[in-house]
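Student: Here's a structure for you.
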Amino acid sequence: MRSQASVLHLDLDAFFAAVEQRDKPSLRGKPVVVGGVGGRGVVATASYEARVHGVRSAMSTREARSRCPHAAFLSGRFHAYREASRVVMGLLREVSPLVEPLSLDEAFVDLERADLPDLEVATVTDFAQDLRRRVHEATDGLTASVGLATSKLVAKIASDLDKPDGLVVVAPGTEQELLRPMRATIIPGVGPATAERLRRAGIVTVADLEAAGLDELVRLLGRAHGGGLHQMARGRDDRAVVAEREAKSVSVEGTYDTDLSDLRLIEGLLARQAGEVATRLRAAGLSGRTVSIKVRFHDFTTLSRSTTLASPTDHGPTVARSARALLAELVAGPDTGPQVRAGVRLLGVGVSGLADWVQEDLFADDADDETEDEELPEPPRARHLGAWAPGMDVEHAELGRGWVWGAGRGVVTVRFETRETPAGPVRSFPDDDPALTPWSPTEPDEDEPVSGPA
DNA sequence: TCTGGGGTCCTAGGACCC
DNA sequence: TCTGGGGTCCTAGGACCC
C-alpha cells in the first residue's frame, strides 16, 4: 500500500452502448442493449436508459426484451469498440508509461510514473478531472469514471462509486472506514459462490471479513483466496501496476441456437474453430502445446478435455486433429457418449501453454494439410438472422452509409445516419439487394458479433 | 428454449523423478 | 519391512472478471 493516492483506475461508462449511441445519433437518450441477439444471447452492456428498466449485463436477451421491449437490441461492432479503446489507452500512455489495461474499457494507471509536481490529493484530483475531460474530447463524447487511491483494490472500488461520469478520490488513511460498511462482494474476486460460503459463516460485510481470522478464511476459501481476502479486508493490497501481460491461452467457442447432435457436424465445427484459433495464434506470433476442447450439453453441464503435444503448434490442422481425437474419446465414453448424442449447445477449442516463438515442426505431416481444403460446415444460425446483424454498419450504392435497424423475412431495414450525418431516412430493401453492402472502416480482419455463431 | 465469449487464477489428484 | 518428502508436469473442474 502506498502512502499517496497514486493508483488511478479508469472505467468507460456503459462502453459498448455508449459507442453505439455516439455513432447512431437517433439512439442518444434511448435504451440501447448490446449483446447476443439470437435465441441464446445475453446482454453485454445496457445503456443507462435501459438499466432504468432493470436490464443488466449477463442477463439473457430474452429477459431484457421482456423488461424493455422498446430498446434497440444491437449485436455489437467490435472494430468500433477496439478503435475507441485504442484512443483511450493511447491517451493514458501519454500520461504515464505504466498503464495496465484490464479490458477494452478499463485500465489502471500508475501516477508515480506520471509527470506530476506531487501526489497530494488536490493535485491528483485536478489531474484526474483533466484526464476525464481529455478522454471525453478524444473519443468524441464518451464518458469515463475514475477512482484514485493508494492501491488497485481501492481505486477500482472508488471508480464505481460515482458512475457514470464520476470521480472519487479516497484520501490516504481513509480506506478502512470506506470499506468496512460495504458488502464483502464489493471486493473483486468475491462472486456469488464465495459470498454464499461467507454468508453461511456469518460474514456479510467487509467489517465481518476483517473480524474473521486468517485461519477461518483459509479454511472456508482455500489458501490463496482466503489469504488474499484477509489482506484485502484490511485495505492491504500491494499489487503493482503491470504494463505488459503475456497471453496464456487463445480460444474460440460458440453457442448454437439449436442443440447439435450430428457428430459429423460437430466434428466439422470443431475443426473450423481449431482453424480460427490457429489463425489467431499466428497473428499474435504465438504457439502452444496444450489443445483443449469444451463441450456444453443441452442441460448446461460442461466438460473439458485437453491433451499436451510434444512441441508447440500454431498449425490449424494439427490443432484440429487433437480436437477431433479429444472429441472421439468423449463419444466413446460410456457416460459422455450418450450425452453428446443427446445434444450439444456449445463447442469450443483452445490452445494454452503458449510460447512466444514458433518452433519449426520437424515432423510435420504433410497429409494434415489436406484438411485445410476441406469444406467446413456453416454453423446453424437463427432463422431471423442472416448476414445482416442489427446495428452493423452498411453502405448503400446511392443512399450512402447507415446501419441495420432490423432484418428478417427477406427484408433488411436500414437507418441512414452516421455520427456526422444524423437523422437520415429509414428504408427497407430485399436482403439480397446488391446495392447494399456491409461497411467496415479500415480493419481488414473479420469481426465476430457478440452473439458469436448463434 | 433461462444462462455469451474470451480470458485468468486456483485446487486437487495422479504420475513421475530425485 | 517400512513408509519419506519435495518438486514438476499434466488434467479436469470451478470461480470469477469484463
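Yeah, the Cβs are placed from backbone N, Cα and C, and that goes for glycine too.
All annotation found in TrEMBL is predicted automatically rather than curated by experts.
Annotation source TrEMBL lists Mg(2+) binding site at A:D11, A:D105. Look at TrEMBL and you will find A:F16 tagged as site 'Substrate discrimination'. The region 'Disordered' annotation in TrEMBL covers A:416-454. Among the features that TrEMBL reports, compositional bias 'Acidic residues' is placed at A:443-454.
Looking at the shown structure, can you explain where the listed features end up?
Tutor: For A:D105 (Mg(2+) binding site), the number of other Cβ atoms no farther than 10 Å from its own Cβ, over all displayed protein chains, is 22. According to DSSP, A:D105 (Mg(2+) binding site) sits in a coil region rather than a helix or strand.
Using a 10 Å Cβ-Cβ cutoff, A:F16 (site 'Substrate discrimination') registers 29 neighbours.
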Student: List the same-chain residues at least 6 positions away in sequence whose Cβ sits under 8 Å from the Cβ of A:D11 (Mg(2+) binding site), in sequence order, or say none.
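Tutor: Listed in sequence order, they are A:D105, A:E106, A:A144, A:S145, A:V146, A:G147, A:S159, A:D160, A:K163.
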Student: Where does A:F16 (site 'Substrate discrimination') sit in the DSSP three-state scheme?
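Tutor: For A:F16 (site 'Substrate discrimination') - judged by DSSP and reduced to three states - the answer is helix.
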